[in-house]
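For reference, the structure is listed below as structure tokens.
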Amino acid sequence: MAHLLSASCPSVISLSSSSSKNSVKPFVSGQTFFNAQLLSRSSLKGLLFQEKKPRKSCVFRATAVPITQQAPPETSTNNSSSKPKRVMVIGGDGYCGWATALHLSKKNYEVCIVDNLVRRLFDHQLGLESLTPIASIHDRISRWKALTGKSIELYVGDICDFEFLAESFKSFEPDSVVHFGEQRSAPYSMIDRSRAVYTQHNNVIGTLNVLFAIKEFGEECHLVKLGTMGEYGTPNIDIEEGYITITHNGRTDTLPYPKQASSFYHLSKVHDSHNIAFTCKAWGIRATDLNQGVVYGVKTDETEMHEELRNRLDYDAVFGTALNRFCVQAAVGHPLTVYGKGGQTRGYLDIRDTVQCVEIAIANPAKAGEFRVFNQFTEQFSVNELASLVTKAGSKLGLDVKKMTVPNPRVEAEEHYYNAKHTKLMELGLEPHYLSDSLLDSLLNFAVQFKDRVDTKQIMPSVSWKKIGVKTKSMTT
């Protein structure tokens, strides 16, 4: 199990048993402590274990191989003389979470990562692999320390285990929690019954535990929760930022904007939003829900500092996002896979803007009892528009880019009205990176650089919204 959770970590692992209550201690430039019990009683149980095994109290201690390179601490860009704010990044080993953790650390926040590393396990289970080779979380954090002098603490465990999460909260005492720690793929949630159940249990129960942890151990803590623009669906009216004012039968009220989720994943995000809104009202929690659009790109200033800091980039049909997938398809000469009519329109943003938006939300926290909703994207594109942009950019690089129409595996409108508001983050200072020719060139060149790592069998969609069933499905057969 430890091997699965940190498959690429060059570490020394020892196992000790104890009848006493396990304590949670952070990784700080060299050590990790995580509780194996939490995995056996969490939502990971069905994914990790093929048969029931006796439970025992144990603690894994993994000591990362030390890195000798050391740099002096970087001068802070934060002019405040007060104690640096402490930010817990849940899901900090993932695509958006890793980039965010590094960005906040560089900005002089005290950062810890909480992660069960299950995203890496999904790759093992489904036969998938990031386009980019990624280092273990232990090597990543050690390299960051060596290059910048800044420490990132690491708590390896499952937030669906409240005891683990509570101990992490009490140990780190965060001022803000950035919550990326959810199963984030709509196709994954539609593979079969077990993945649908896992997605909803992991996401909804995990977020509930975070809310209870804030209530019990950090009532002033600000929750920055990553939601999704997919909560709204594709209504035939403008999409507002979280709330809409309605006049009905002569009476007017401002209400939460209607939700029309299109997968079990998106539904889990809707449930999260309702639970967070309720606890803000009932308990006075302060929360910001960032309804994020589709993220593209892989490079940030921090992840480009060293190859061991490199972020993952998914190109497969389960975890890959549209623009990233198209660029990889173009790089290997595979026709761009346009689902259905290709008129599906969504909000998009560069990963550099993801980290910027999170920083803005932390620096401008919600008030006590306030449930604040920001729509987090910078531009809108249809699938056909993205395909045209990639085709044009690819031709400049000498790539022969073609397009193919694929029967849509999803249940969604393929031609529709779409106009979503996204002004609140701009008003707070977001400086967006718009999709430009130079950015597309960079992303395409990056895909070409690693094209030998592409498994073309993973490009075509194999998950159907209508064919989901009870039987557990293997993606490798």
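Indices start at 1 and increase along the chain as displayed.
Including glycine, each Cβ sits where the backbone N, Cα and C put it.
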Which of VAL295, VAL318, VAL328 shares the NAD(+) site with TYR95, CYS96, ASP115, ASN116, LEU117, VAL118, ARG119, ASP158, ILE159, ARG184, ASN202, TYR265, LYS269 in Swiss-Prot? The record says VAL295
Here Swiss-Prot annotates region 'Disordered', and of 1-21, 127-147, 379-399 the range meant is 1-21
According to Swiss-Prot, ARG184, TYR265, GLN292, ALA322, LEU323, ASN324, ARG325, THR337, VAL338, TYR339, ARG410, VAL411, GLU412 bind substrate, and the residue from THR148, THR228, THR378 that belongs to that same site is THR228
Between the two most distant Cα atoms of the NAD(+)-binding residues TYR95, CYS96, ASP115, ASN116, LEU117, VAL118, ARG119, ASP158, ILE159, ARG184, ASN202, TYR265, LYS269, VAL295, the distance in Å is 25
Expressed in Å to no decimal places, the gap between the Cα atoms of ARG184 (substrate binding site) and ASN202 (NAD(+) binding site) is 11
Most isolated by CB count within 10 A, of the binding-site residues TYR95, TYR265, TYR339, is TYR339
Using a 10 Å radius on the Cβ of ASN202 (NAD(+) binding site), the other Cβ atoms enclosed count 23
Among ARG184, THR228, TYR265, GLN292, ALA322, LEU323, ASN324, ARG325, THR337, VAL338, TYR339, ARG410, VAL411, GLU412, which the record lists as binding substrate, the farthest-apart pair of C-alpha atoms sits at a distance in angstrom of 23
